[in-house]
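> Features from Swiss-Prot:
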BINDING   Asn7, Glu37, Asp194, Asn196, Asp323, His324  Mg(2+) binding site
BINDING   Cys556, His559, Cys582, His597  Zn(2+) binding site
COMPBIAS  488-503  compositional bias 'Low complexity'
COMPBIAS  517-532  compositional bias 'Polar residues'
REGION    486-536  region 'Disordered'
ZN_FING   556-606  zinc finger
Amino acid sequence: MKIVTYNVNGLRQRVSQFDSLLKLLDSFDADIICFQETKLRRQELTADLAIADGYESFFSCTRTSEKGRTGYSGVATFCRVKSASSSCETALPVTAEEGITGLVNSNSRGGKSETSTVAEGLEEYEKEELLMIDQEGRCVITDHGHFVVFNVYGPRAVADDADRIEFKHRFYGVLERRWECLLRQGRRVFVVGDLNIAPFAMDRCEAGPDFEKNEFRKWFRSLLVERGGSFSDVFRSKHPERKDAFTCWSSSSGAEQFNYGSRIDHILVAGSCLHQDEDKQGHSFLACHVKECDILTEYKRFKNENMPTRWKGGLVTKFKGSDHVPVFISFDDLPDIPEHSTPPLASRYLPMIYGFQQTLVSVFKKRRANEEAKAIEVSCSSSTQSNTSSICGDISTGPLRNCGSMGISLEKSCSFENKSTSGVTEAETVAATGSIDNLSDGIRASSVRALNISRDGDRKKARKIQSSQLSLKSFFTTNSKVNNVEDSSSSYVSSSPSSQVESITEPNVSGKEDSEPTTSTQEQDQTGSSAKQKNDAALMEWQRIQNLMQNSIPLCKGHKEACVARVVKKPGPTFGRRFYVCSRAEKQTVVISNGLHQNSETSKRVMRSK
């Protein structure tokens, strides 16, 4: 059996690198694969990231909304199985749990998250404090019968960040309580993952004299058997004297080229062996069952065109891959366990993967709503057709002499019906035209029907469209035009019927519809052109600044080579400031005959700030 732990630094990117999740998982040839730093929120889980043939997956995603930590962490455990419905395989867990407190229990089959009881051994902690610990999605626990696997992504805390240091203390304190409780029950515990702790000086390149005095390193060493604890650091137990065995390097400084890194990805094992001998002296799971544990240094983590050349120097390159390497443990095949099914926490049961289960009530409600919508649609279409036919029928049955005197055709009468939807009410139409008593009965009926249709819905759409085009000035312009028409209405009344109809069609409809959009369009064009000019000016200025910075890159004082730009990401007064450093990769210090020669990293100080 084989277990692999790997900080993927973004699961989506690693899946894209291998073209599919299945190819990524098969590349390890392992039974249990533990990923850290998946950088996925729960709503971002999709089948292509969580489901692969022959594997069952269990995720823990970040739930915090804290700035800078949304979708930041996250862990996932993939188990290779032959049958998911019912199996005796050890790789398929009997139970699975998200988080370490027992309070985060995803009822995946129902699509909801419910609160469970506090895990055994954590009763003295406040409930709110425990909930905060599991908000960042840093652990998945799977019980495989013979052993319990803790897939852990430990918090990172810099020296001057008191809040994160306190959180790291609470996290590992609660985690240790869970381990102790299981060990008292006689269970075997495997802890795998990125713990963000290098326990010994030999686990860090160029560790300082006070390196091992760090409180978290002291806590890690207190867990080990040789220090009176219950756990064994499997890699160090198998390779006690190996140096320069690192699992993580800084990608920003190209440190992997010179193996300038640290060992922070671990596999810890605690518990007895499976032998039934009464004399347990010298027996342990590590001594009796573990065959090998090593670092997969040659594992393909980069795209082919970006594969680094290790320990051969060169300029810094931004590698497109994880800044960690996998670590594996292999041990003898274990006996099968009683037949069991896939735990409810499995991704196959997540609502975003398999969908939400509908109830009978929701099905009938949806069907009734669809029937009502269809009935309304049919009634609306039939009423619209009848109104249109009656309007055109009234116009066609009107006196031919009126149509001749108007000088318009049937199409123009229907266009008058559509134009009435521009927001002109019946009172405004009457005021603008003086009187409509001289119109024929057919034209009067069609006008009234057109106004009714506009009130029922078409006028709302027209107003919505025009509201995005009109400016405040255009409303005053419209009012002035209507007032001018009202003042001159008496002159239209004294004219012939044909001139009255012309006054309706020309000043009220055509004049109003043509003039207003022209004014608003001109104003929009002027506003858009001025904004475009400002954007173009800002873009040109920024390009000028970039060209100036590019042409004024300083040289490294030691190597006389062009430096590279960096940005300060540490919170403080210099946050966001740009500076220059040596372009060569980070490496160890070299001692030569005439004294101490500093490495390129320690010599690349700030050359110029921007």
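Placed from the backbone N, Cα and C atoms, the Cβ positions cover glycine too.
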> At the level of the C-alpha atoms, what whole-angstrom distance separates Cys582 (Zn(2+) binding site) and Glu37 (Mg(2+) binding site)?
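Distance between the two Cα atoms comes out at 30 Å.
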> Using C-alpha atoms only, work out the spacing between Asn7 (Mg(2+) binding site) and Cys556 (Zn(2+) binding site) and round it to an integer in Å.
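Cα to Cα, Asn7 (Mg(2+) binding site) and Cys556 (Zn(2+) binding site) are separated by 34 Å.
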> Sort the binding-site residues Glu37, Asp194, Asn196, Asp323, His324 by C-alpha distance from Cys556 (Zn(2+) binding site) and give me just the closest.
Asp323
> Between Asn196 (Mg(2+) binding site) and His559 (Zn(2+) binding site), find the distance joining the two CA atoms and give it rounded to the nearest Å.
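Rounded to a whole number, the Cα-Cα distance is 34 Å.
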> Among all protein chains shown, how many Cβ atoms are found within 10 Å of the Cβ of Asn7 (Mg(2+) binding site), not counting that one?
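Around the Cβ of Asn7 (Mg(2+) binding site), 25 other Cβ atoms lie within 10 Å.
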> Could you name the residues, excluding Asn7, Glu37, Asp194, Asn196, Asp323, His324, of the same chain that surround the Mg(2+) site, i.e. Cβ within 8 Å of the Cβ centre of those residues, in sequence order?
Asn9, Gln36, Tyr153, Cys248, Ile264, Asp265, Ser322
> For the binding-site residues His324, His559, which one has its C-beta crowded by the most other C-beta atoms within 10 angstroms?
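Of the binding-site residues His324, His559, the most buried by Cβ count within 10 Å is His324.
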> By CA distance, which of the binding-site residues (Glu37, Asp194, Asp323, His324) lies nearest to His559 (Zn(2+) binding site)?
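Going through Glu37, Asp194, Asp323, His324 one by one, the Cα closest to that of His559 (Zn(2+) binding site) is Asp323.
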> Around Glu37 (Mg(2+) binding site), how many other CB atoms lie within 10 A of its CB?
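Other Cβ atoms found within 10 Å: 23.
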> Using CB atoms and a 10 A radius, I'd like the single residue among the binding-site residues Cys556, Cys582 with the highest neighbour count.
Cys582
> State which of the following binding-site residues has the fewest other Cβ atoms within 10 Å around its Cβ: Asp194, Asp323.
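Taking Asp194, Asp323 as the binding-site residues, the minimal 10 Å Cβ count falls on Asp323.
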